Amino acid sequence: MSRILIVNSIYYTEIANLLLEGAIDKLKGSNASYDVVEVPGTFEIPATILFAVKSGHTNYDGYLALGCVIRGETDHYQYVCKGVIEGLNEVVMHYAIPLGMGVITADSKDKALVRADKNKKNVGGHAASTVLRMIDLHNKLK
């Protein structure tokens, strides 16, 4: 049985709940167990995964990053998006960990809601499927 850590950014609560719902629905249909930790914003996701990887207290087979960044009127959106993607990539490449990336970047809340809804784009569910496939691949290539 695979163990997965879901790191869920709760900055946009409604979107966070939809992402998590889609991910959990997908994981319940698999042979995986999961823990969920909430972080204040999407920017904190890479550090939280790194904390778990380096802690030695937990033994997760894969990680699921869920969050949302919505474009505003300043450059903040670009910096957060870049920081999150680069941070996740760095952790994945350095520690060779399976990851499902369910971080939505959208121009509006309405577009983000469509992507998060499990009955529409289901980004959370797709990210969960990805981490499960990456865990299988990781195990095959060990």
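Placement of Cβ uses the backbone N, Cα and C atoms for every residue, glycine included.
Per Swiss-Prot, the feature 5-amino-6-(D-ribitylamino)uracil binding site maps to TYR11, THR42, PHE43, GLU44, CYS68, VAL69, ILE70, MET101. Summarising the annotation, Swiss-Prot assigns (2S)-2-hydroxy-3-oxobutyl phosphate binding site to GLU73, THR74, ARG115. Marked as active site, proton donor by Swiss-Prot: HIS76.
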Between ARG115 ((2S)-2-hydroxy-3-oxobutyl phosphate binding site) and ILE70 (5-amino-6-(D-ribitylamino)uracil binding site): CA-CA distance (Å): 12
Residue with minimal Cβ packing [other Cβ atoms within 10 Å] among the binding-site residues GLU44, GLU73: GLU73
Integer Cα-Cα distance in angstrom, GLU44 (5-amino-6-(D-ribitylamino)uracil binding site) to the residue listed as 'active site, proton donor': 15
Pairwise Cα distance for THR42 (5-amino-6-(D-ribitylamino)uracil binding site)/the residue listed as 'active site, proton donor' [Å, integer]: 12
DSSP three-state assignment for HIS76 (active site, proton donor): helix
Listed in sequence order, residues with CB under 8 A of VAL69 (5-amino-6-(D-ribitylamino)uracil binding site) and six or more positions away: THR42, TYR77, VAL80, CYS81, VAL84, VAL103, ILE104, THR105, ALA106
Rounded to the nearest Å - Cα separation of PHE43 (5-amino-6-(D-ribitylamino)uracil binding site) and GLU73 ((2S)-2-hydroxy-3-oxobutyl phosphate binding site): 18
All-chain count of other Cβ atoms within 10 Å of MET101 (5-amino-6-(D-ribitylamino)uracil binding site): 20
Fewest-neighbour residue among recorded positions, criterion Cβ within 10 Å, set HIS76, ARG115: HIS76
Candidate nearest ARG115 ((2S)-2-hydroxy-3-oxobutyl phosphate binding site) in space, where candidates are the recorded positions TYR11, CYS68, HIS76, MET101 and distance is Cα-Cα: CYS68
